[in-house]
Amino acid sequence: IAKEVAKLLEMKAQLGDEGKHKFVLKTPKGTRDYSPKQMAIRERVFNTIISCFKRHGAEVIDTPVFELKETLTGKYGEDSKLIYDLKDQGGELLSLRYDLTVPFARYLAMNKVTNIKRYHIAKVYRRDNPAMTRGRYREFYQCDFDIAGQFDLMIPDAECLKIVHEILSDLQLGDFLVKVNDRRILDGMFAVCGVPDSKFRTICSSVDKLDKMPWEEVRSEMVGEKGLSPEAADRIGEYVQLHGGLDLVERLLQDPKLSQNKLAKEGLGDLKLLFEYLTLFGIAGKISFDLSLARGLDYYTGVIFEAVLLQQEKDHVEEGVGVGSVAGGGRYDGLVGMFDPKGRKVPCVGVSIGIERIFSILEQRIETSQEKIRTTETQVLVASAQKKLLEERLKLVSELWDAGIKAEVLYKKNPKLLNQLQYCEDTGIPLVAIVGEQELKEGVVKLRDVATREEVNVTRESLVEEIRMRTSRP
């Protein structure tokens with residue numbers, strides 16, 4: 001008994017120590033908090049993206065942050081190991097969503113929707129080893145736009161590329177290029193190069209690394225780790241280093257080996273049509289047909305694309321920021337059928353905007369330029385020049401709120417006028433509405449422009465109109 005008691009006392013002592021451990025204040029690995037300044041930049045980006053999606057006629061949907069585990073299993077190829085599984089809750093095995101595309105396909109199948117153009121902006125989760133300096137996280141936002149339905153070839157696909165072009169131009173991120181390929185061309189290329197069917201997907205994910213690794217390393221991964229014959233790897237090498245525009249599509253349609261492959265020929269025919277539409281949209285100059293583009297996800301069936309920023313500002317931007325993919329997507333005609341009990345297919349094409357990467361670049365740029373960012377939208381501060389006017393300030397600010405004006409008041413009974421003006425300087429509030437005894441007698445409010453320091457007396461009745469007019473100017 002003495003032994004047991006001693007053991008228990010020892011455990012108790014250990015637990016006692018545990019309780020005194022310092023509490024660590026940090027966000028979990030691969031996540032971050034956003035300050036008001038960061039959120040202001042973020043909102044600006046979201047608004048640009050949403051207005052583009054709406055301009056193209058998209059509706060908005062939302063889905064749960066977790067799905068049944070079986071919904072996500074087997075849809076992401078080698079990336080499936082990055083799915084976050086949750087503990088069994090009430091008899092259901094759940095996982096956090098990995099992207100917004102698979103939940104969208106589940107939504108379409110479940111609700112028997114055969115035709116929709118939608119956007120969805122929400123957080124997704126990946127159990128990745130994150131490189132946070134490059135805008136890669138374990139919890140991050142995706143901004144997706146998808147067109148589902150049976151339509152004539154390549155028209156929705158061309159619109160998705162036009163959307164990428166519009167958003168990247170509107171955000172003024174610098175020069176960019178959208179790489180385009182087709183899963184069928186890749187599969188056809190693998191077939192004519194002598195890759196066994198069973199190795200298509202795994203070789204595809206090696207090719208997908210060509211934007212990060214030199215060809216020699218990718219080749220040795222294919223041959224050394226994945227058991228591909230050196231001859232097949234070399235044949236692949238001849239193709240994946242090609243890129244160009246419509247001219248390359250035409251050339252490959254004449255290629256003696258590729259043109260014999262049914263899949264590749266179909267893919268090339270569609271790309272030719274796609275380039276015709278891109279020319280009509282006036283964006284073909286920014287699109288490059290690139291045979292090394294593979295996009296590792298299993299569900300793509302046709303056209304695939306990825307937008308990359310071309311780094312020109314080496315001096316301003318920290319290494320690693322500003323290079324790499326900022327949008328990607330493609331056609332996935334089979335995914336909805338995987339969920340539909342009758343296997344009904346709903347053709348889909350979509351694009352995802354890499355908001356975190358874009359956000360990292362803009363944040364970096366604003367740091368460098370030391371641009372002042374407003375974190376509130378307050379249009380006017382209600383102030384007073386004398387003491388004992390708190391009631392008047394509160395009455396006026398309430399009138400302004402009721403009229404839909406964004407207004408603030410300092411939470412002090414008798415603030416100094418100088419402090420009130422300084423608050424406007426610090427937070428970027430453009431106008432001050434000053435109430436004083438003289439103004440109250442005359443039924444006016446003194447409106448002061450913070451930037452120019454010019455003051456005018458405005459009647460109480462026309463104050464709202466005057467504030468609206470002054471703050472709606474660009």
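Residue 1 is the first one shown; counting continues down the chain.
Positions of Cβ are set from backbone N, Cα and C atoms, glycine also.
Those TrEMBL annotations? Automatic predictions, nothing curated.
Taken from TrEMBL, the feature domain 'Aminoacyl-transfer RNA synthetases class-II family profile' covers 30-362.
All protein chains included, D99 (L-histidine binding site) registers 19 other Cβ atoms within 10 Å of its own Cβ. The L-histidine binding site annotation in TrEMBL covers D99, L100, T101, R126, Q142, D146, R295, Y299, Y300.
For the binding-site residues listed here (T101, Q142, R295, Y300), the lowest count of other CB atoms within 10 A around the CB belongs to Q142. Here the binding residues for L-histidine are D99, L100, T101, R126, Q142, D146, R295, Y299, Y300. Their largest Cα to Cα distance works out to 21 Å.
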